[in-house]
C-alpha cells in the first residue's frame, strides 16, 4: 500500500503542476492578468502566446496576423507534429475592438469528437456559423503565431481531450488474480482438514467413556478434564478443537507470500530500469518501470496495440525519389525494398551497379546531410538538371513543390538558415527538396510567395515573386490540394498535387503524356512503402478565372450548412484539364530497429495492431515499411468512402446516412469473414493466404457498435495484421477494451502522445514512449521506454524472466507451506487429533520468516531458465507465458501434490525410523522434543534442497541464501536452546545435548531428505528425457555447439507449440 501510495502521489503532483499553469485573461478593467488554468471559466477571453498550450477549448477570435489566422500543433491530440491552419471569423479579427467584444455563442454539448464542432456566434444582431476551423483545442500548442485571442467554450472535464480520457483502472496481473483463487482453495483445504480432525477428535473423545462408565484411555484422566477434552460433552469439545485446528493449520495460508512478491517485483523493476540494452544514449533516457505490479504480465502479452506516429516512425518525412516526365530519379533503396530483396533472396542487377547506391552510400556521396532530404541522383543534384533534355518540365515540377503548400519559412536571424513549419511532414519534405534542388522558398505573405530559382536557360539564380490568389485546401474527401497564382510573366497558373486515384481522372487529353510510365513508377514506389503524390499544373484563362472566382467567393461567404460542399464543388470546376508533370515519393522513416522488432515479436506469436489518427494511405504505407503488411498479403479495406454514402451526406439526412453506413459496414465485415473463412477452415495448410485488415475511423464508429463488435473482432482475429486509421483517442481506448474483453488475453498498448493515454490506461499494460510528443503518455503508462525497438527486450527477455520467476515463486511457496502444514496434520492424526503441534511455537513462527523466505526471494529476482541472448534467438519461447504453461492449474496442483507427498514421506519416515527405536543408553525412545527437531530439520532441508533443484541459474547470492537458511536454523536452535527452560521450553539444549551427538538423527535426516526429493527428481528426469519443456531443450542445446538452425527435437516441440497457438486463435 505504501508503494502504491507513493506512485499515486507522483501522478498527483504531475496533475497539480498542469492545473496550476498560468494564462492571461481579460479582466473587467480591460487589462490582461495571469490566471491559473484551473480557475478558467466559460466565457473568459484569454490571450495565448507563441509556443504555449491552450488551457481550454477556445473559440479563435483574432491573432497577430491581420486576417485572424494561426498555426496550431496538435501532437498531443492526434499524434501528428505537423501544423494545422486555423482561422477566425472575419468579423472578430479586428484587433482594436477585441477588448470590447460582446457576443453569445450557442454550440453543441461537450463531446469527444475532435474533428467536429457545430455552433453559432450571435453578434450585433446577426448569426455566424462556427466550424472546427475556429476551435482551438486544449493541449494543442500555438506555433508560428505571436499570439491569439480566444473565448473559453469548454473547460476542465468538458474539453474534448478530457472527454476522450478514460478513468484509470486499477490494474492487477492475471497471475495475482489467479493466486487469489488458489488462496481460496487453500482456505478450503484448511477448513476441510480442520473439520476432519475435529470430527475424528469428537468421535475418539466420546469413546473415552464407555456406556458402562469405564474409562478407555484412563491415563488421560478424562473424568477430570476441561470442556476441551470432556467425553461427556464431545460436540463442544469438537467445536473448540475446530477453532484450535484453524489456528494450528493456519500456516497453510501463505500470508508472507504477498510481502515477498512485492519485494521481488520492486527488485525486478530496478533491474529493468538499469538494463543498459534499453538505454537510449541520444536522448539520455533509460527504460522505466513506473509500477511494479505488472512485471509478470509482460511475459504474457498476446496482442500489442500500437500508435504509429512517433511510436513506429520518427515522425519525419524524407524526399527520396520522384518521377518527372516519365523518367525516374533517385538512387538507392528504401528499408522496405531491401527487406523484400532479402526475403526473396534475390539481388537485382541494379543494386550492384556502380550508379545504384545503398542509402548509406547515397548519404556518403551527398555534400551535406539535410533533414527531410534523402535524395541523390547525379542527373539532378548540384544544378545538373539544367542539362537534362526535359529541363523545362523538371523546372515546372520543382516549382510546383516550392509553391503549392501552406508552409511558413522561419529565417534564423543569426545564421540566415531557413527552416519550415508545415501542415504535414510531407509538405515540409517537398519544400526542403525543392530548396536543395534550386528552388528555395524564402518568404510568404497572405498574398505572395517568393522563391530563389535557378533559371534553366542561364543556370543563374533569380528571385521570383508569385502572387497568391487562392488556396484550395487539402481534405480527406478531396485528396488533393491546389493553389492559383499569377507568375511574374502575368500568367495565371493552377498548381495541383494529390492522390493518384483522384488526379489521373482530372488530366486533360493533351496532358497525359508519360501517364503509363508514371503509373508504373508510382506502383514501384508504393511497393517500396513510399508515400506518393501526383504533381500537375495548367494555365488558366483570365475569363474562366473571373467567372470561377465569383462563384468561389460566393460559396465562401455563405453561412449555411452547404457552405463546405459548395466550396468543394467550385474547386472541382477549376481542378480539371490538368497536365501531368510527374509524381513524388517520400519515406516516413521508421525508428531504428522497428521492422526487426515487429518481425521478432511476430515470431514470438504476438499479434500487433496499429491504431493511428493518420489517413488510410499513410497507415498502409507504414504498415508495409515496418513489415506489418507484407507483399502478397491480401488487404481487406473497410471504409465509408463510397459514392452512395457521400451522396447521402450531401443531402443532409443524418438518420439515412447512419442507417446506410451501418448496413455498408455490416456487409463489408461479412464479406471479409467469407474471404477469411476458407483459410481458417484449412489452417493446417503449409502456406495459407495472409490477410491484413484496414479500417478507417468512420467505419470503426459503427464496427464498435454493440450489435456489430463481435463480428468485427472475429474478423480482426482471423487477420494477420490490423490497422485502424483516423482513430480518435476514445476509439483507440474502445478498440483496446474490445480486444481485452473479447479475447480474454493480455493486451499491451504502446504510444507516445496524449492521444494515446486512454488506450494505455485501458490495456492490461500501458507502455509510453518518451519521444518528441511530450510526456503525457509516459505519465499515464506502466512502463516507459525511449524507442519502440526496446519493446522486444522488455517482453522477450524481462517479460519472460519475470513471468517465469513469479510463477515458479508462487508455486514453490505453496509447495513449502503445504509440506510444512501437512506434517502438522499427520502428526495430529498420529496423536489422536489432540491439537498438540509437532513443533515448538517459535519453530512454527520462524518458518516463513527466517528459514525459507530468502531463497524464494532470490528465485524471484535472479533465476533465468535461458540467457537473454537465447530469449531473443528463440522468440517462440515467449509462448510459455502467453499460453500460461508455467502457471496452469495442472502445474499448480502438481506442486501442491508434491508438497503433500513430501510431507507424508517426511512424517512417516521420521516416525517409523525414530519412534520405535532405542534412542538413549538406558533404552528409552526419542521424546517429543527430539522427534520435533528431527522432523522440522527434515522439512527445512527438504524445501531448501527442492529450491536448489528447481533453480536454473545459480549465483553466489542464491547459494548464500539457500545454505545460509539451513545454517541459520541450526544457529537459531543453538541460541534459542541455550535460553532458560522457562522460555525455550521443549527446545532447551535439544540440539547440543541430544540431537547433534546422535548418529540416528543425522542418518534419519539424510534418508528423509533424499526420499522426499526423489519423486520430484524422478518426474523432472522423465520430463526432460521424454517430454521436455521448450526451455529445457534450449538449455540443453546451449550446453553444446549452438548452430543457427534448431535441432529436430526443438523443431518438433515448437511445432507442437505453434499448433497449440493456432487452436487458441481459432476461437469463436
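Heads up, the Cβ atoms here are built off N, Cα and C, so glycines get one too.
In TrEMBL, annotation is done automatically, which means it is predicted and not curated.
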Query raised in the report: Of 935-954, 1035-1054, which span is tagged transmembrane segment by TrEMBL?
Result: 935-954
Query raised in the report: Of 182-204, 205-227, 274-296, 297-319, which span is tagged transmembrane segment by TrEMBL?
Result: 182-204
Report summary line: transmembrane segment per TrEMBL, picked from 779-799, 842-862, is residues 842-862
Query raised in the report: Near the Cβ of residue 307 (active site, 4-aspartylphosphate intermediate), how many other Cβ atoms are there if near means within 10 Å?
Result: 29
Report summary line: Counting Cβ pairs closer than 8 Å to the transmembrane segment (842-862), the top stretch among 806-827, 892-915, 961-979 is 961-979
Query raised in the report: In the structure shown, which of the binding-site residues 752, 756 has the fewest other Cβ atoms within 10 Å?
Result: 752
Report summary line: With the greatest number of Cβ pairs under 8 Å to the transmembrane segment (999-1019), the stretch among 238-259, 892-915, 961-979 is 892-915
Report task. State the residues, same chain only, that lie 6 or more residues beyond the ends of the transmembrane segment (961-979) and have a CB under 8 A from a CB inside it; answer 'none' if no residue qualifies. Result -> 842, 846, 850-855, 857-858, 933, 937, 940-941, 944, 947-948, 987-992
Report summary line: Outside the transmembrane segment (806-827), at least 6 residues beyond either end, the same-chain residues with a Cβ under 8 Å of its Cβ set are 175, 179, 182, 186, 193, 197, 248-249, 251-254, 257, 260-261, 264-265, 295-296, 836-839, 847-848, 852, 856, 859-860, 863, 886-887, 891-892, 895-896, 898-900, 902-904, 906-908, 935, 939, 942-943, 946-947, 950
Report summary line: Whole-Å Cα distance, residue 752 (Mg(2+) binding site) to residue 307 (active site, 4-aspartylphosphate intermediate), is 8
Report task. Let me know how many other Cβ atoms fall within 10 Å of the Cβ of residue 309 (Mg(2+) binding site). Result -> 29
